[in-house]
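S.K.: Taken from TrEMBL, the feature domain 'ABC transmembrane type-1' applies to 73-397, 776-1063. Summarising the annotation, TrEMBL assigns domain 'ABC transporter' to 432-668, 1098-1284. According to TrEMBL, the feature transmembrane segment maps to 69-97, 154-180, 229-248, 254-276, 332-354, 772-795, 815-835, 896-916, 922-941.
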Amino acid sequence: MPRSISLRSMRKLGEENESFDYNESPDVNGFHGNVYKVNQYKPTKAKKDDASIRISFFQLFRFASCIDIFMMLIGSLCAFVHGLAQPLVLLVFGLLIDTFVKYDIEIRELQDPEKECVNNTIVWKNGSEFFHTEMNTTVECGFLDIEAEMIRFALYYVGIGCGILVIGYFQICLIVIAAARQIKKIRKLYFRKVMRMEIGWFDCISVGELNSRMSDDINKINDAIADQVGIFIQRFTTFICGFMMGFVQGWKLTLVIIAVSPLIGVGAALMALFVAKLTGRELLAYAKAGAVADEVLSSIRTVAAFGGEKKEVERYDKNLVLAQTWGIRKGLIMGFFTGYMWLIIFLCYALAFWYGSSLVIDTMEYSPGTLLQVFLGVLVGALNLGQASPCLEAFASGRGAATSIYETIDKEPNIDCLSESGYKLDKVKGDIEFHNVTFHYPSRPDVKILDQLNMVIQAGETTAFVGPSGSGKSTAIQLFQRFYDPKEGMVTLDGHDIRGLNIQWLRSLIGIVEQEPVLFATTIAENIRYGREDATMEDIMQAAKEANAYNFIMDLPQKFDTMVGKGGGQMSGGQKQRIAIARALIRNPRILLLDMATSALGNESEAIVQEALDKVRMGRTTISIAHRLSTIKNADVIIGFEHGRAVERGKHEELLERKGVYFTLVTLQSQGDKVLNEKSKAIADEELEDRNFSRHGSYCESLRASLRQRSKSHMSNIFPEVSTSVTGDIALQAFSEPDDIRSKSAVIDGEEEDAVEPAPVTRILKYNSPEWPYMLLGSIAAAINGGVNPLYALLFSQILATFSLPSKEEQKRDIDGVCVLFVFIGVISFFTQMLQGYTFSKSGELLTRRLRKLGFQAMLGQETGWFDDHKNSPGALTTRLATDASQVQGATGSQIGMIVNSLTNIGVAIIISFYFSWKLSLVIMCFLPFLALSGGLQAKMMTGFAKEDKKAMESAGQISGEALTNIRTIAGLGKEKKFVEMYKALLKDPYKSAIKKANIYGLCFGFAQSVVFMANSASYRYGGFLVSQEGLHFSYVFRVISAIVTSGTALGRASSYTPDYAKAKISAARFFQLLDRVPKISVYDGKGEKWSNFKGNIDFMDCKFTYPTRPDIQVLKGLTISVKSGQTLAFVGSSGCGKSTSVQLLERFYDPDQGKVLIDGHNSKKVNVSFLRSQIGIVSQEPILFDCSIADNIKYGNNFREVSMNEVISAAKKSQLHDFVMKLPNKYDTNVGAQGSQLSRGQKQRIAIARAIVRDPKILLLDEATSALDTESEKVTAEICSHLTGN
């Protein structure tokens, strides 16, 4: 071997190429090789990955454009002006108070028969001297026309109200529009960045978690940067201006109050801190639950086959328990701090009135009006600070959610697939070399996959990789595709280090056909066009012909426009494979990678496709991974892999002479073929003698992969005549003219979901009924909290009345009594607020968990056909679980507390007001319907928008879910940009809806805010009339107005929950629709026949079947077959002829449209579903594993009992898995990754076989069970299968 080789390792522009250290070292075989070690990439932004660093509030707006900033500034300015309105009204109010007090003193004095008004001064009737008060001042009279004064004040209120209507609209509208624009940008950036990440990143994070973050977390960011910002600025401005007014009008009293104020600030800050921390933990738990749901829903057939529904519901529920715990703690902490702040506020009132009254009565520094201006300025400021706390909660939640989102957006991928940098070679020859490549997967750094791999693949040649499963064959292909970069060494194309080449350009040279092909949920034509964007229809048809797909496509009713379903679920394995081959061929690739490309094809199809592949690989560099001799031996060069190294290289004959790895594989395969050939011939002869195959053929439904996997000559020898006798009775003819009998269920199911009527609240509460003690306690606490505001109105008006009393002592005594009451109310508020926060968060979180669990349980209980509908894709269902269940809390939980609070507030206020002046109460109450109207209108609009938003975001969720699930295929095709563009296009509808919503929300908000001022205007005008004409005491006017206006505010507050309430009813309706749906095949139904001596005799009697989503295509046309217990039957036939469909009928994934399936003489439709599936074990061609340990995956084989570790190890030994597992650092506790991504296909298949062994089934279904295994393992596995079927 030469001591040195010429390399042209590329540098990125502006970088020194210091990625590689060169040294000469002797390798294991004694000769010198070149070793290249990659210097570890050290990210410069290491600090950013520190989980403890959170996003600051202003960083939430980092994606705002200049227009967004301008809109937010204008909106914030409007919010600021809106915040000034209340302090401005207080100035008017102070003058109004002084006017009323003066008038009351005048009226009271003139009621004395000894006094009269002379020259605008009160004098004694029987003397010329003036009347003097205790303070030795004269009393004026005759100046005040109380009605005229009240008209003037009423006009002030109207002016302010009109201003607020306009300002309130712009405040909400502009900020919400700006938020919608930013959220649209964040969604785009996040999805684009996720699509740019290297495959190693996806190995370490679950798809479900990413989907959950894209729906829940981004919605939380939206809540933090939308209307809450304006409302917070408005309330905070009122807080600041209220205190400023206090200083200007009376600094002494303000200083006394402010001395206590830091206690409120500390409380608010601590609450925000705790809420942010707990929200982060709650989100993490929900993300994990979402990952479980996504994984299970993506693998629903496997879950159903192994009866794992209840186990999966429990696994999902475990993560929900954690989220529930954090949610309850968050509620308790919020309740505690809210109560704490109310306590401090009421203590402030007591202190303020006690000290302020001394300034009015003793020192006469303030007038009563000034005292109330100062006091109410501080009060309004403090109340607004308290009301800003929900905004702080939203900001904290948004910051918590933004941490993971923004960190991902900031993260620089180690391999950036959308990068424009890198060289593009003018001419590609196609020489590929691996130089001392060492590699381990990022998620399993302890397990070395490739160990100093050296090999050369010559341009234009076909090189076959052979070797045991897990020896690094597929990994080598993935390194060349740059899914990963080697830990040490380098991979070169025509002498250029591929890390210096442009990734998109590199991948555009490569066509790949994998063993488990991934198709996208679109038409056949579009799936093929993914290979080349500019392909014409002629190109697509030509590629389909070359891949032997044209004929079956043209037999379909929609031909090339046929939808393939999610993941190609509407196509058979062979049809999917041929479409995938057509997709690779249309690229006209320079380099062709065939990873078990023909393993899923029928015998006839395989020969033709193999011939097509032989043609297209002429002149191309081709790498083929295969276990089958017929595929390998025609290769120009064969490279043998073992333990991550290329241990031998040569042609078929050379390697046979060398007697190494390849010789062993060929020998084993030849022996296996010989044995199987003889055995199969014997079976065929026996069956031909009986002439009864169609009636009494065996059915252990082993689609004996080993039979069909052999070369085509074997097949024709084994069943030369049987095939004709079989097809006579077994009409496995696919895609012929459709029958008259067609299933309409898909159409009906599709229609039923569109129209959703909001759910009745009573039913929502019924699901919350176990928590009734919590809700009762919480409601009592909320009712007490609701009574606080009207009591405040009572005490407040009582203070006003004291200032017109004639005696100082009386004034002081009354005020001291009121101050004590304030303290008492504050202490009660503290306990009731805390109780309300805890009880309702407990009941709400328990309901959310219950609904999520029930929803997930209901989903898993649906028949398999339900999941075929595109509306029920895993992405859409996961989104529905996450959003609907949490939104239902809008009608229960803390919302009930708010509503009870508001209703009590209104009730107590109305009782007080009617008691003191029913006339004035009626006038004011005329305005309450307007408040209700604004709330109701808002609710109606929001309900409509909720439907639109959900529909639009579900479409985007389907695209993102599909993209993330199939990221390897998308990366291999270089179609990341296309998916990013599709996702962007689907974000337009939610954005338009948000803009529309912003305008209506703004109008309703402005209207609701201004109605209070209009009500005040009319009230004071009419109150002035009643005081003047009917002698009503002025303090009663304030008592009635304060009580009803506070109740009106409570009504407004209650109506502000209407959007959540409306969303909750719609979400609940969708949830109940799911819970109420009666599945056609019920897993949870305990009914159905069971019997103890289950034998496994199976009869298909004239079965006709069409898939619900493709009612025009009849797959089975009168299938009739009998299988006796203990017999073995192999199904053969072209792809799509109904082999796998018959297996699914037996599993009762579907029921036949006509005819029946009999099990031991029992009609399968009447047999208990769980019982039937518990008797069946299945090993399919594409095994699905779950993201848990190897041991747990094997235990999954039997979910009806506890499987011991000894049983697991025994099953692993039988499936040739044990030795491999024991070499892993964590042995049986090793996590297999999402869908088993951390294992080779052979390893996955062996785990699947071990899983079936643990089940110990009476009926064993082998759907190409050995297709992914190397020759040695295949032989052993075939023996295991034979042993099992023998039992």
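Here the Cβ of each residue, glycine as well, is placed from N, Cα and C on the backbone.
Quick caveat, the model's predicted, so the values are computed rather than measured.
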S.K.: With a Cβ cut-off under 8 Å, give me the same-chain residues at least six positions beyond the ends of the transmembrane segment (69-97) that come close to it.
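M.R.: For the transmembrane segment (69-97), the sequence-distant neighbours (Cβ-Cβ under 8 Å, at least 6 residues beyond its ends) are 61, 153, 156-157, 160, 163-164, 167-168, 170-175, 177-178, 229-231, 233-238, 240-242, 244-245, 249, 368-370, 372-373, 376-377, 380, 384, 800, 1009, 1013, 1016, 1020.
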S.K.: By a Cβ-Cβ criterion of under 8 Å, what residues six or more beyond either terminus of the transmembrane segment (254-276) are in contact with it?
M.R.: 54, 243, 246-247, 330, 333-334, 337-338, 340-341, 344-345, 347-348, 351-352, 355, 374, 377-378, 382, 385-386, 388-389, 392-393, 395-397, 399-400
S.K.: Based on Cβ pairs under 8 Å, which of the stretches 154-180, 332-354, 896-916 lies most in contact with the transmembrane segment (772-795)?
M.R.: 896-916
S.K.: Looking at 154-180, 229-248, 332-354, which one has the highest count of Cβ pairs under 8 angstroms to the transmembrane segment (815-835)?
M.R.: 332-354
S.K.: In the same chain, which residue numbers or ranges, 6 or more beyond the ends of the transmembrane segment (154-180), come under 8 angstroms Cβ to Cβ?
M.R.: 64, 67-69, 71-72, 74-76, 78-79, 81-82, 85, 88-89, 92, 222, 225-227, 229-230, 234, 991, 994-995, 997-999, 1001-1003, 1005-1014, 1016-1018, 1020-1021
S.K.: Please give the sequence-distant neighbours of the transmembrane segment (896-916): residues at least 6 beyond its ends with Cβ less than 8 Å from one of its Cβ atoms.
M.R.: 775, 778-779, 781-787, 789-791, 793-794, 836, 839-840, 924-925, 1036, 1039-1040, 1043-1044, 1046-1047, 1050-1051, 1053-1054, 1057
S.K.: Can you give the mean pLDDT for the domain 'ABC transporter' (1098-1284), rounded to a whole number?
M.R.: 79
